[in-house]
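For reference, the structure is listed below as structure tokens.
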Amino acid sequence: MRRWLTSRLYDAFLVAAFLAAAPRIFYKVVFHGKYINSWKIRFGVEKPQVKGEGPLVWFHGASVGEVSLLEPLLKKWRQEFPDWRFVVTACSEAGVYTAQRLYAPLGATVFVLPLDLSCIINPVVRSLSPQVVIFSEGDCWLHFLMGAKKLGAKAFLINGKLSENSCKRFAFLKRLGRSYFAPLDLLVLQDKVYKQRFMQIGIPEDKIQISGNLKTFIETETSINNRSLWRKKLKLSPSDRLIVLGSMHPKDVEVWADVAQHFNKFSTKILWVPRHLEKLKEHARLLEKAGISFGLWSKEDSLLQYDSLIVDAMGILKDLYSAADLAFVGGTFDPLVGGHNLLEPLQKEVPLMFGPHIHSQSVLAELLRTKEVGVSVDKENLLEAVENLLEDEKKRQAYIERGKSFLKNAGTSFEHTWEILKSQIACIKI
């Protein structure tokens, strides 16, 4: 009875949230063309199909970052368990695009996650009948999880984390927090801080293991420095200094636009990479307002013509980082966002900068600051911090070396996570 009531209340909450967001969704559909290609699956009109026979593992991540970190895990699973079928879902269209690019060539079925209303997601879960469900970082959905468990599936959270704000909300509604995560068989978390937070909302300690942060993992074949290749592609001269501003939101653009023209004395080029392409016009308007002349990647404009380019393309941010002399991770000047993946620039051996709002990964950001791996900036010291790094190659190299050391020391996370999951897979009856 309690589970039925929880489910109905949860359905009611989702409907209310959807109605509240409906005007914004309508705006994105009409003016940006979003959700047009995915609405049939989102609303259960069209059911996804998985070809072939054999056991099925279903991976899920919210968006680009959560989906991308699954890559070494999925490749390893495919290598050691070739008879399994793979499904990868994401909530955002950017996440689905990334999953298709990374995992469709490996034979995975990729689609957007249907809405978690019981009448929509439950038939999909029953149809696919997964043996294993793996959630990336924390994007668990109650009906999806409960439906899979009813069918006897094992459910795991990997690279798990719980922000301080989420912990407070779940602690206030401790029964809901316990109900929300209790069906999980195992939570593989990033560190002890997140372990304490999950325990505060009622998750027993024997369901928790710590493996480290999967985003520190670098595959040998993908860790080759593509710096020369991409600098040549970008038409950069040896004397040019390139700043890559990744995953940018409008508030990040506002801050950087105020200082960008002060870097000309260093022969500086800037790539502005929006987090959401539907915000492209707003990004362009902010640069125009600041008097910054810029080109567009999609028009094949080059850094020979402009000192700034807006990269209105998906899936190339990591490659662009490899060409940079300095990288900034966006969302960190926007208190409503709280940052994105801080480790991508380090993986490409580039000095890292981020703003003051990093609550989405505050534990990692504090660790990076403490070990002097990343440079934390605010509006007041941004110009000075950038100029200091641009004019001092030795200082930039010192940050690169500390970043390499940090990743090397943290780089056992994937092996640990895989061994934990492998021990669980061995117990699954197929």
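Yeah, the Cβs are placed from backbone N, Cα and C, and that goes for glycine too.
What Swiss-Prot says about this protein:
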TRANSMEM  12-32  transmembrane segment
ACT_SITE  Glu66  active site, proton acceptor
SITE      Glu137  site 'Transition state stabilizer'
SITE      Lys215  site 'Transition state stabilizer'
BINDING   Pro274, Arg275, Met314, Gly315, Ile316, Asn341, Leu342, Leu343, Glu344  CMP binding site
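Feature map: annotations from Swiss-Prot on the structure.
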residue : record                             : DSSP class
Glu66   : active site, proton acceptor       : helix
Glu137  : site 'Transition state stabilizer' : coil
Lys215  : site 'Transition state stabilizer' : helix
Pro274  : CMP binding site                   : strand
Met314  : CMP binding site                   : coil
Leu342  : CMP binding site                   : coil
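All protein chains considered, the CB of Ile316 (CMP binding site) has 13 other CB atoms within 10 Å. The two recorded residues, Pro274 (CMP binding site) and the residue listed as 'active site, proton acceptor', have Cα atoms 18 Å apart. Between the CA atoms of Leu342 (CMP binding site) and Lys215 (site 'Transition state stabilizer') there is a gap of 9 Å, rounded to the nearest whole number.
For Glu137 (site 'Transition state stabilizer') paired with the residue listed as 'active site, proton acceptor', the C-alpha to C-alpha distance reads 7 Å.
Within the group of binding-site residues (Met314, Leu342), the Cβ with the highest number of other Cβ atoms inside 10 Å belongs to Leu342. For the pair Glu66 (active site, proton acceptor) and Lys215 (site 'Transition state stabilizer'), the Cα-Cα distance reads 9 Å. Of the recorded residues, Lys215 (site 'Transition state stabilizer') and Glu344 (CMP binding site) place their C-alpha atoms 8 Å from one another.
Maximum C-alpha to C-alpha distance over the listed CMP-binding residues Pro274, Arg275, Met314, Gly315, Ile316, Asn341, Leu342, Leu343, Glu344 is 18 Å. Within 10 Å of the C-beta atom of Glu137 (site 'Transition state stabilizer') sit 24 other C-beta atoms, taking all shown protein chains into account.
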